[in-house]
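Participant: So TrEMBL lists these for the protein:
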type     : residues                       : note
ACT_SITE : Cys386                         : active site
ACT_SITE : Cys386                         : active site, nucleophile
BINDING  : Gln258, Tyr290, Asp315, Asp359 : S-adenosyl-L-methionine binding site
COMPBIAS : 201-215                        : compositional bias 'Basic and acidic residues'
COMPBIAS : 216-226                        : compositional bias 'Basic residues'
DOMAIN   : 1-59                           : domain 'TRAM'
Amino acid sequence: MSRPGGPLTLEVTAYANGGAGIARSDGRVVFVDGALPGERVRARITDDSRSSYAKAAVEEVLTPSEHRVVPRCPAAAAGAGCCDLAFVEPAYARRLGADALADVLRRIGRFDLDELPPPDVEPLGGASTGWRIRTRLAVGRDGRAGLRGRRSAEIVTEPCVAPVAGLLEQVDGLGARPGTEIVLMAGTDGVRHAGELAAPREGDVRGRRRGDAARRRAQRSRGARSAHRELRMLVGDGSVTHRVGDRSWRIPVTGFWQAHRNAPEVYSAAVVDLLAEAGVAGTVHAWDLYGGAGVFSAALIDAGPSRGLDVASVDLVDTDPSALAAADAVFGADPVTTHRGGVAETLAGLRSPQVVVSDPPRAGAGLSVVDGVAAAGPEAVVHVGCDAASFARDLGRYAVHGYRVRGWRAFDAFPLTHHIEAVAVLTR
């Protein structure tokens, strides 16, 4: 096989969780960025460090798939790490996502998909562009702002098509200084907020250059790190209004909120619907784990009664103090108690629930949390996952404790990318 940088002609036969095409060379698996099943491509090896597989990037498509289209995102076409499937028909991209989810449910979760067919990937509503309400840009030495490169720390200044209209308007004229970052978020009230974050610490810069694994770890801790960096508001006051149902939250511009404008409403409805479909009813005490500002707590309290579910009280657990402060402000006299701390460490001190909603970060809940939830003996668990492999692994661990999936949904959470969001309800 060619060493990194060398050309290789490959026949792509399948699609992997993570967004790469799968090919073989000399009996070895090659994951090919930018390739689709059925294509013949010329690719450059980018990582040959593993004995079991290599990574490559497409340099030329020799035989294109019928589902390949002209890339819809200029930033991604220029190498930004945003819309990695902008060259794929959206409906076909959702089908690929469903296939990838089915594969990891079978292979990692050990599920019999003949017994319970895997979900299709549903659109979240609206167009596949103009859906993102928050983003973060780097400011280069020339003062221009852009997204980081997919495989580098380079700044790509071509526009991305994901942000909602107006979010990136005149971003180079906001006065952000070279070496800083701009965080932008749009509220449901139509107000744009933009802040300048001081230059990241050296350790954060190195993390961007260590590759995908380091980048995923950085994304999980980005909010915590941002809280320790000086923020200078450029537009707006930095307190962003988000409305879901009849409730409004005020979230810091550096805080977490779902990126897709429709996600909070759609996911909230999915949680309540899945519980109803599983026959969960009556008066319950609930846990909302990794609950953030409490969107799912609100869904249980507000929408539950229409489905026969009376939520008498909720314990909401998260590590983010700003999110918990937002939750406290929203719930007021509602029976929601917030707990700041790691989920695994907090569970033992909570009253046993009948219903658990768990929405962990990309790494998943992991053994200690799943085991702790199962030990509490809830009637039903709704588990949300933003990474298919972690989602499958967590569900498989629940199965060890006697929980069975009664229904699941999957969503095109980040259109024009390989990322999906999945939700499952499990009961004993």
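Keep in mind that glycine also has a Cβ here, set from the backbone N, Cα and C atoms.
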Participant: For the S-adenosyl-L-methionine binding residues given in the record (Gln258, Tyr290, Asp315, Asp359), what is the largest pairwise C-alpha separation in angstrom?
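Facilitator: Max Cα-Cα spread across the S-adenosyl-L-methionine binders: 21 Å.
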Participant: For the domain 'TRAM' (1-59), what are the DSSP-based totals of helix, strand and coil residues?
Facilitator: 0 helix, 33 strand, 26 coil
Participant: Quick one: which of these binding-site residues, Gln258, Tyr290, Asp315, Asp359, have their CA within 10 A of Cys386 (active site)?
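Facilitator: Among Gln258, Tyr290, Asp315, Asp359, the ones whose Cα sits within 10 Å of that of Cys386 (active site) are Asp359.
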Participant: Sequence gap of 6 or more, C-beta under 8 Å: which same-chain residues meet both conditions with respect to Gln258 (S-adenosyl-L-methionine binding site)?
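Facilitator: The list for Gln258 (S-adenosyl-L-methionine binding site) reads Pro264, Tyr267, Val295, given in order along the sequence.
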Participant: Same chain only, sequence gap of 6 or more: which residues have a CB within under 8 Å of the CB of Tyr290 (S-adenosyl-L-methionine binding site)?
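Facilitator: Tyr290 (S-adenosyl-L-methionine binding site) has long-range Cβ partners Val317, Asp318, Val343, Ser358, Asp359, Pro360, Pro361, Ala365.
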Participant: Starting from the Cβ of Asp359 (S-adenosyl-L-methionine binding site), draw a 10 Å sphere and report how many other Cβ atoms land inside it.
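Facilitator: 22, counting other Cβ atoms within 10 Å of Asp359 (S-adenosyl-L-methionine binding site).
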Participant: Asp315, Cys386: which of these recorded positions has the sparsest Cβ neighbourhood within 10 Å?
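Facilitator: Relative to the other recorded positions in Asp315, Cys386, Cys386 has the fewest Cβ atoms within 10 Å.
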